[in-house]
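In what follows, a single structure is set out as structure tokens and then discussed.
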Amino acid sequence: MKPRRLGSWLLIVFGVLYFFVPLLGTFEFSLRLLRGVYSVAAYRIVLADPRFAATVTYSTVLALATIAVGVLLVLPTAYWIQLRLPRLRPVVEFITLLPLVIPAIVLVFGYLRIYNSSSALPLTGSARTTDLLLMFSYVTLALPYMYRAVDNGLRAIDVRTLTEAAQSLGAGWSTILLRVILPNVRVAVLSGAFLTFAIVIGEFTMASLLDRPAFGPYLQLIGANRAYEPAALSIISFSITWACMGFIQVFGRGASGQVAGAH
Amino acid sequence: MSFLEIDHLQKRFARTTAVEQVHLEVTRGEFVSFLGPSGCGKTTTLRIIAGFESPSSGAIRLDGVDITQRPPHQRNVGMVFQSYALFPNMTVAQNVGFGLKVAKKPAAEITQRVEEMLHLIKLPALGNRFPYQLSGGQQQRVALARALAIRPQVLLLDEPLSALDAKIRVSLRLEIRSIQRELGITTIYVTHDQEEALSLSDRIVVMSEGRVEQIGTPFEIYNFPRTSFVASFVGTLNILRGQVADPAHGKILVDGQEVFASRGLERARTGDAVTVALRPEIVSLGEVAGNGNRMRGTVEDVNFLGSIVRIRVRFTDNAISLDTFNNPSLSLPQRGQALTVSFPREAVLALEAPPST
Ligand SMILES: Nc1ncnc2c1ncn2[C@@H]1O[C@H](COP(=O)(O)OP(=O)(O)OP(=O)(O)O)[C@@H](O)[C@H]1O
Ligand SMILES: [Mg+2]
């Protein structure tokens, strides 16, 4: 018993060191812009850079759009497969896994071939339509996570009986999805949304190759040209991610009470 | 006039035929049970009425209107599921009011109707609870209230009590029946528990392997089963095998002893094999005046079941069980003891075909 427990503690200590030492190192380094003293000068410079605010905003908006489109696509699909086409489940699972197997760079070259400005559907022709293309490619990138999260949520409830109960009470499909299914898989949808957000906020390849002003390419640009600011940026983006996590936890719990009390 | 007509329904799945030519006419306000063993097609029939499955052939007519092709949410048929199926994200009151909200009824009307329904199921104080805060019996009552709130034309219940323990099952079934009477709602109740079906129903439909075996009042089903399946499925039954000795007088030889049957031997010939059924509660220990049949055997087993005592008596190849009421002043027969049993002629039912068991 005792040596075993010691072993687990050693593992935990090792894990903590593995994750936090680099982070602490980065943090410490980010404070050393001014020679000889610790200061937040690097942070000031980063935050004062208008490109920082612009790229973070751009990526956040894109992430939110990606989440909205992703949920709209995945929830009804996973629901219908669970309800009516359970035999298709392995096929769909395989398809949703493809973005993990196909490198982003391959995907984006494919997009560029199909949607270039001289193609039938010239999405890369203007900035707005390129944003659209980028958003759709993010939906694809996040698909494995979003689908798995939502599907797990749906498996945890009795989709068929709840659907039939709602139907017998006069509810049509949209009512069932919005008022019965969605509220009961809300936590799963939120965790899918969080993963999507984390992917989109730091994504580099697609944004860079489609030449959009996202946070990922900005991070790369600063990293290539400066010494202390990239460390500060890393810490900032970590904080954003963690804040997100905390926010979703709180929101997830608060919303459960709210949804329940609202109708 | 029939209110709900189930017209020669048939439902085939890839490999099985779940429902075979089921025909039934239900009058307004009637309580009908579907009774049968697992897999006999009760749920499938119910789901066709609710619209969750469409029949391979046949039709459903409700109040003269053919609703066979109508989607479930346009049928106005209430459904109660074995697993309760309350919406976990909604309170009791929201669950009960769901159908009304979907129908876009005004808020005041919903509130009033929900209150009315919660009173009906005797849970007026629990409107703000969530389903997980209720016991199984309470959840099922809420599910009943939810189904009734929309004033459905027909109420369907699929084994609503089988997830509950024995005590609650009995009290809740009485409650369901009294609510059903109070509202006068046409009800179809699926169960594999014969006691439930016998105690609740106006009529029982006994099903086996997708077919209707017999439709009748509980009294008819229990006392005059038409097929050996019904006879053996409903109630405990003694099956005796013998040969016809005198068809004109209904005389049969069972293990060499004479037994007279009530009916059904007109078409038989002397020497034919015959199977008769006998209810345990109709057999008496010893000779009783008016019992036209008596047989001698030995006590094989004595089972004390509380209010009744079940005694098994063996002849030669055949044996019967008989029930007597428990009585502390009674001395029970001992195993191995030889004794006489008697039973009336009318109790001996000749069956259409020998049971497969
Ligand atoms: N969706 C389906 N696909 C294929 N076969 C089915 C389907 N639903 C039911 N069956 C088959 O139809 C037959 C009748 O099933 P049904 O569920 O109606 O039985 P039941 O009388 O309700 O039994 P139980 O008492 O176990 O609930 C069974 O043999 C079952 O395997
Ligand atoms: Mg069933």
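Cβ atoms are placed via backbone N, Cα and C, with glycine included.
Just so it is clear, the model here is predicted, and its values are computed rather than measured.
According to TrEMBL:
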type	residues	note
DOMAIN	A:56-249	domain 'ABC transmembrane type-1'
TRANSMEM	A:7-27	transmembrane segment
TRANSMEM	A:56-79	transmembrane segment
TRANSMEM	A:91-112	transmembrane segment
TRANSMEM	A:132-150	transmembrane segment
TRANSMEM	A:188-210	transmembrane segment
TRANSMEM	A:231-251	transmembrane segment
Most Cβ pairs under 8 Å with the transmembrane segment (A:91-112), selected from A:7-27, A:56-79, A:132-150, A:188-210, A:231-251: A:132-150
The transmembrane segment (A:188-210) and the transmembrane segment (A:56-79) contact flag, 3+ Cβ pairs under 8 angstroms: yes
Positions whose Cβ lies under 8 angstroms from the transmembrane segment (A:7-27), at least six residues beyond its ends: 231, 234-235, 238
